[in-house]
Amino acid sequence: MGIKVQRPRCFFDIAINNQPAGRVVFELFSDVCPKTCENFRCLCTGEKGTGKSTQKPLHYKSCLFHRVVKDFMVQGGDFSEGNGRGGESIYGGFFEDESFAVKHNKEFLLSMANRGKDTNGSQFFITTKPTPHLDGHHVVFGQVISGQEVVREIENQKTDAASKPFAEVRILSCGELVPKSKVKKEEKKRHKSSSSSSSSDSDSSSDSQSSSDSSDSESASEEKSRKRKKKHRKNSRKHKKEKKKRKKSKKSPSSESEADNVDAQPQSTVRPEEIPPIPENRFLMRKSPPKADDKERKNRERERERECNPPNSQPASYQRRFLVTRFGRKIKGRGPRRYRTPSRSRSRDRFRRSETPPHWRQEMQRAQRMRVSSGERWIKGDKSELNEIKENQRSPVRVKEKKITDHRHMSESPNRKIEKEKKVKDHKSESKERDIRRNSEKDDKYNKNKVKKRGKSKSRSKSKERSKSKERDSKHSRHEDKRVRSRSKERDHETTKEKEKQLDSKGKDQERSRSKENSKQVESKSNEHDHSKSKEKDRRAQSRSRERDLTKSKHSYNSRTRERSRSRDRSRRVRSRSHDRDRSRSKEYHRYREQEYRRRGRSRSRDRRTPGRSRSKDRRRRRRDSRSSEREESQSRNKEKYRSQDSKSSHRKENSEGEKRMYSKSRDHSSSNNNREKKADIDQSPVSKTKQSSQDNEVKSSTLKNQEDEKTRSPVEKENQKSKGQENDHVHDKNKKCDHESSPGTDEDKSG
């Protein structure tokens with residue numbers, strides 16, 4: 001069995017936010033990794049001075065725990081920077097990994113932190129859970145013996161994203177713990193040295209006597225050793241007794257000095273009976289002071305009550321206070337009763353003790369009678385009774401007039417309607433004219449907007465058609481210019497040739513005329529093709545405009561039908577409401593009449609008693625009746641006025657709507673007629689254009705022939721030919737006029 005060497009121990013006194021949290025004690029595994037343990041112990045004691053690289057004291061005192069990860073570990077030991085980037089060992093810089101024998105298989109183990117292999121410095125960490133993934137990477141060199149709750153408290157601190165605790169966890173003080181056994185051994189050594197000197201004198205005398213008797217026997221030596229042990233025990237006991245006596249002797253003089261001090265203090269000679277009582281504060285007392293007799297009586301009564309009533313038993317006065325309600329409930333407590341228990345059957349006490357007073361109940365019943373339950377809910381837009389009356393009057397008239405206008409659309413012309421409107425306006429007053437103007441302005445704005453939109457669409461289509469026609473005209477003009485230039489060149493060329501070749505045969509002239517006719521036919525065909533293309537484009541644009549007009553008319557028709565259905569629904573609702581209100585008003589009027597009859601009956605009986613008062617009351621009644629009748633008449637007049645105004649305004653609106661419809665229909669009719677005429681023109685124009693183009697070509701060819709012949713022939717023949725050409729021109733003009741009369745749409749087609 002080897003001797004067990006005691007392992008060194010170190011401690012940390014930790015503070016959280018400068019408040020002491022407790023002490024943590026570590027046991028270092030110096031037998032497994034002595035170099036690492038010596039590094040940690042020296043950093044705890046601070047005995048190695050300053051570091052070589054950091055030039056700071058090699059000491060954990062006032063060092064921070066810079067990293068805390070819950071359910072993993074608590075790290076510290078960076079005495080140079082305090083953020084995990086600094087630190088230094090006592091050996092200077094880093095030192096190598098010593099041993100990985102101890103595994104991270106339990107919590108509260110002390111291990112070295114590093115930056116990789118063989119980079120151990122001063123930083124360490126304490127595990128709070130088993131961490132087997134760190135085995136072989138970090139050296140375990142100790143464990144926590146006490147202060148586990150302090151480590152848990154550090155672990156539970158709140159941290160930021162970098163695992164740094166928000167609270168400041170600092171090591172206030174640190175060092176090495178020396179065990180008590182070492183101190184005892186040192187004291188024993190001292191005692192042995194002192195006892196050995198005293199026992200040596202006694203042993204020398206005894207040895208001289210016994211040496212003569214039995215020097216060779218071994219038993220004597222054993223006895224001597226026993227005796228020495230006994231003497232040592234006796235001496236130790238004596239030393240202990242002497243220490244106790246010394247302690248007692250030290251205490252006794254202090255007690256004697258205290259007794260002397262007590263004796264030295266002066267004793268009081270005043271008796272407690274002679275001390276007067278402390279006076280009461282009566283500075284703010286307004287009442288007269290109570291008499292002494294009253295106080296004595298009260299004191300006596302209290303004493304008697306205490307004698308009669310023991311402390312556990314309740315007083316009789318309190319027992320009598322228990323009151324019982326009529327339903328058998330006990331009322332406990334002190335003070336007045338403020339709440340009454342409600343009756344269980346409310347039907348009994350309904351008339352005797354009702355929640356509402358009788359006059360209030362009568363008013364409630366009367367208010368409920370006046371209400372007439374209408375089945376319909378409130379609809380958005382019902383602002384007042386006047387608006388409802390207006391709608392009631394408007395709606396039936398609108399329906400009838402719409403029907404009439406629909407029947408008369410085809411018969412009446414817009415001019416007749418305008419004349420009728422003028423006649424109606426002459427008969428109306430200025431105030432009505434203003435209303436009409438406002439309504440007409442609104443309608444005109446609406447119509448103008450519609451007309452503008454239609455005009456814009458039509459103008460766009462027209463502008464497109466014009467641009468197309470301009471392009472065509474420009475192309476046509478270019479072609480004609482080219483033709484004219486080519487003809488002039490041909491003429492010059494021909495004149496030169498004719499001068500050179502005057503003696504050519506007539507066959508050549510015939511061939512030339514044939515070639516010219518063929519070229520003219522080709523040109524006429526190309527012109528016809530261009531005209532047909534332009535006509536097709538015009539037809540497409542017209543069909544698109546017709547489709548747009550049809551869609552707009554469909555939308556307007558749908559909107560009209562929706563408006564008609566809405567007006568019918570509103571008229572039905574207004575009729576039902578007005579009917580309900582008339583009923584409620586008639587009921588109220590009957591009730592009012594009955595009350596007046598009752599009052600008159602009562603007043604007649606009173607009038608018999610007091611005839612003077614009855615006259616004054618009759619006058620008052622007459623005045624009231626007259627006022628009420630005047631009010632009713634004024635209300636009826638106002639209602640009639642409103643109805644007449646509404647009916648007139650509705651007539652105007654419907655007339656204006658009818659005119660708009662007629663105007664739109666006439667427009668559609670006129671547009672359709674125009675389209676038909678355009679179609680007819682388009683159908684007629686290609687034939688006429690072809691005729692005209694053929695005639696123009698013939699005339700041009702004849703003129704060219706005449707010019708060529710004139711140059712070759714004599715002046716007499718030239719005159720004859722001129723007369724013939726004039727006749728041909730006259731015939732050509734006549735043909736042109738005929739064509740113009742037969743096809744009136746050709747100019748429009750050319751212009752676009």
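Yeah, the Cβs are placed from backbone N, Cα and C, and that goes for glycine too.
Checking the candidates SER685, SER714 against Swiss-Prot, the annotation phosphoserine falls on SER685. In Swiss-Prot, the entry for phosphothreonine among THR341, THR356 corresponds to THR356.
Taking SER80, SER354, SER429, SER519 one by one, Swiss-Prot attaches phosphoserine to SER354. Averaged across the domain 'PPIase cyclophilin-type' (11-176), the predicted model reaches a pLDDT of 94. Secondary structure counts, DSSP: the compositional bias 'Basic residues' (226-251) has 26 helix, 0 strand, 0 coil.
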